[in-house]
Amino acid sequence: MIYTSSDGDWFNPNEIDQDTDCDEELHHLLKFGIIEGKQIESLKTLFFEQTIEDRTKSQYRARHSIFPNEDQPKYSVQFSKYHFDFNLKEGEKCKVGVTLKDKIKINSTGSGKTTFNFCNIPVHSPNIKLTFTPSGGVIKKGQSVEILVEMVVLCTTRVRELIAVDIANSGRHLFTIKIDSKMSQVLDYKELEIGNVIGGGGYGAIYKAKWRGLSVAVKVISELSDGSEFEKELEMHKELLHHPNIVHFVGFCVSPKCLVLEYIEGGSLDKYLHNPNYTFSPQLRLKMANDIAKGMCFLHRNEILHLDLKPQNFLVVSISPEAPVSIKLADFGLATSSSRSFYGPTVEGSFLYMSPEVFTQKKFSRAADVWSYGACLIEILTNKRPYQEYDQLGYLELARVREEGLPPMIPPEIEGDLRKIIEACFHRDHTKRPNFENIEQFLDAMTDSLFNVQSSIDSSSSLISSSPSTINNNGSSSGSSSTSTSPINTNNNNNNNNNNNINNINNNYNSNNSNNNSNNSNLIIQSANNVSSGSLMPSSPGKTTPPLKHSGSFLFSRLQQQQQYQQPAPVLSSHHPSSSSSSSSSSSSSSSSPSPPTTPRKATGVPIPPFSLPSSLLQQYQQNQLDKQLSSSPSNSSLTMSSSTPNQPPTPTQSNLNIVSTSPTSKPIVPLRTFLSSSNDSTCNNNNNNNNNNNNNNNNNNSNETLVKTSRAMTDLTLSDTQKSGAVPSRSVTISGSSFIKPISIENNNVNSNNNNNNNIEATSPEKYNSHRPLPVLPTSNSSNNLNGSIISTSNPSVSSSISQMSQLISKQQQSQQQQQQQQQNTPSRNVIIPNSSTANSSSSNLNITTPTRPKPISSSTSSSSTPQLPIGGNQHSHRPLPIRAASSFEIKNNHLNLSSSPGDLFSSSPSTFEITMMERDTEDLTKLIELRSRTLKCLKVLYYSFLDSIKSFSEIKELKDCIELGQKIRNFKKDVELQCIEHLKLGWETIHDASKKFNTNGKHLQTCPSPHPSNFDGETYNKVVQFRDAAVIVGESALDGLFYLMLQLLPSHNNYRVPILDITVSSTDKIPEKDLIVKIAKIARSLKS
């Protein structure tokens, strides 16, 4: 019994009755005082099993044994209570994250000062946050102090804490806290009983565990992870509400970081699909696909993208078709929240199920999940992995195919409506793919019809035998025609609304297919009453819809075959107006023939098609009625066995229904790589047009050729040896002029002497001419003829004149200069030649002006740095000097460079003509273009070798993180090259690849594949590094092909020698590329270098 002090709020330990029945172990632990490790847990276990009163008694006994005395020991302090309840009632639970407060008083009763200190045992607890204010101090004699205790529960846990207060000269006093928290998503890791490893996620291992008796799956985050993926997946689970097709989120732990999810006993779907011991029925496979679509539709409604759809992330709840849920989605490690398309920094996820825009452009959207869903449908329906046709070609070829964006081949076993869904999911344009809402609506209708058909197969015998009524051709009972036809009409009206939703799946998919037939424009779903068509949904009344290929749906065809073999008695099926071949014959036969019995229908949303009657009593009657109908209107007779051809014998009955057709299939052919140039639209057109008549085949061939030509015109570029002869447009390029001044001066001299047709210059007196030197004496007789002979008749020059013509022009000019020099040495006098404006051809006479003045003698030994020396012959003629004018810088430069030219040319002052200006400008542009080409080629070579060294640096990788970063760097560079080529050259990557491989005789740019040293990694990590390395090398080879192609377009042909470019010898006979091409490639090189 506990006694209180006179104040009413103090416990007096001295007045507590001693109980000798206390646990000796607990007494020993309390007496020992300072304990650690397992002893603390044992103390908590024993201590908290007792009530508050028993705990106080145990502490008093332990203290009394520490301080033995005959009299009752007089303690120096008194406490108001020894248990913190935080104002909660017994059994009441506290909230997580809320601050709880309590108070305790300490009274000093000793003869002096009392020192106290609070501490928690253990001091650091990850589940609660406990503070004492103040946590220690000194209490004077006769005084008391109030301690404020605050606690915050951080997770869902059971708080069992011991609080110790050390009192000087009085030992240690223990206080208890025993509180249970309410449920929350934050869990206590100590409450998890971790079991065996059951799998691995994107960033950690998955364990099977127990949490408060519940089987859970715990995904423990690796210590090497930065935690960003953990935070992302945690946010995804917090945002999601409960959905039957999403794995239930139990909670998470903060330390260590882990996610606690619902444990699914069945495991992943991947181990069932590729295990021959498991065989799934068509109903179960379709139900699995429908469950996945429901889960994805729920995610997209909540603006969440999964981005990692694959069979490994589909958990099997049950393999029974009658179970409410078969599949649940899991693993949101790559999921993200977004309401629109966006570009991410990295690409992760599964290689085979990743959409092309995610794999190549890192573009994430809802359509990316739709593409992955289509790839998963192939594996669920046929047990074949996507891109399985490339297994024999190896991993490298598969990586190249994925890089080019080719979709996987749809197996021929998938037929009808589901094939169209998969084709729509694989649409090249991601905006034309269906959404999961339309897919869910379509699969819901198909699943309901399929299960209704299966249930009607099982119950048709008992239902028909209990109601032997007759039916007419319209499907109504002879006894009550009005009551039996109304459910059919009601069902047709209800299901017509579903057709409008289902047709939305293919509206976008077929919008661009101009060659599609009208019967394939939408997803055609026929009436469930027409068993021969194999349809799953009734069509609209009065609308004729031709039957689908292969009986519309391969799922229904398998059920139909099973029905035929199990119930061999043929029976007439009810006809819908849309399925009748001739209305007139149908009406006549219905009025003349009696009605056989019919199958009662259930009141369901989808009508149950009639099946064969197994009753042996009605077989003879049915055979007689069948003979009558066949004789009366053979065109209207429709047997339930019409799904098989008349000449084809029935196949044996199969015990287990297969989801695929049993027709023999040829070995899948690997699609050609030229398929990249054609879109999915052309592929769908070819598939749809194969069912047309022979008249349409010619149109298909013509359309295919048009598509191929159009695609090649848009994406291909052929390397032509013949270049255009048009003039290169002028473009300002800053280069040095010293390399081409001499050819310009030579051409100017030639053109000045041969341009009499366009210049009308009158001969003037010598006083009108300004010169910085005296005019020379004109030569005698034959000088004009010699000069005229040195004039070269040139055509109107263009910028595109070839180098060979230029070299011939230069050689002729040199010969003429040599002749002029020889003539000048023989002539005794000097002359000035002024062209006459009246002459129109080379035979016209030139006006010769001779100066009669005597020139001043010039010494042959004198020289000038500004003007060349003039040779003076023996015949000295007197002349007077003309007014001196300043020489231009261009003339001075020409005088320095053309020392070998004739003196008469140096002093010729005739004005430049239009042809001379064009020649100067064209030659200058040509030289600048050649220099731009050489600089661009040098830049591309530097980029080529530097990028080659980057790929070779894989041999120096020591961590998986560095390998991923290097691979991403290589991918980004390849993408930059591709985008630049598309922007400037309008070229597809297939054209660049083919052209570079044509000239690159080595085949590959890398002779040996760089490999990191295996000692730096463990076995599993090294395999991942090798896979990343192989994919990066393939992408790097493609980027090197692009750089090599750009260099091939800049073949140097302005020099008369052979120039090696990356081990390829280029002939000098190649012509200079067009100016536009050089400028575009220069822009690409500048962009890549920056």
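Yeah, the Cβs are placed from backbone N, Cα and C, and that goes for glycine too.
Swiss-Prot annotations:
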DOMAIN    192-443  domain 'Protein kinase'
BINDING   Ile198, Gly199, Gly200, Gly201, Gly202, Tyr203, Gly204, Ala205, Ile206, Lys219  ATP binding site
ACT_SITE  Asp308  active site, proton acceptor
COMPBIAS  462-530  compositional bias 'Low complexity'
REGION    462-705  region 'Disordered'
COMPBIAS  531-543  compositional bias 'Polar residues'
COMPBIAS  560-593  compositional bias 'Low complexity'
COMPBIAS  613-646  compositional bias 'Low complexity'
COMPBIAS  657-666  compositional bias 'Polar residues'
COMPBIAS  675-684  compositional bias 'Polar residues'
COMPBIAS  685-704  compositional bias 'Low complexity'
REGION    747-881  region 'Disordered'
COMPBIAS  748-760  compositional bias 'Low complexity'
COMPBIAS  780-825  compositional bias 'Low complexity'
COMPBIAS  833-868  compositional bias 'Low complexity'
Exercise. By Cβ count within 10 Å, point out the most packed of the binding-site residues listed: Ile198, Ile206.
Key: Ile206
Self-check item: Per-residue Cβ crowding (10 Å cut-off), top of binding-site residues Gly200, Gly204
Solution: Gly204
Quiz item: Taking every residue in the domain 'Protein kinase' (192-443), what is their average pLDDT?
Solution: 81
Quiz item: Within 10 Å of the Cβ of the residue listed as 'active site, proton acceptor', how many other Cβ atoms are there?
Solution: 23
Self-check item: Asp308 (active site, proton acceptor) to Ile198 (ATP binding site) - Cα separation in whole Å
Solution: 19
Quiz item: Is Asp308 (active site, proton acceptor) helix, strand or coil when read with DSSP?
Solution: coil
Quiz prompt | Ile206 (ATP binding site) in three-state DSSP notation | solution = strand
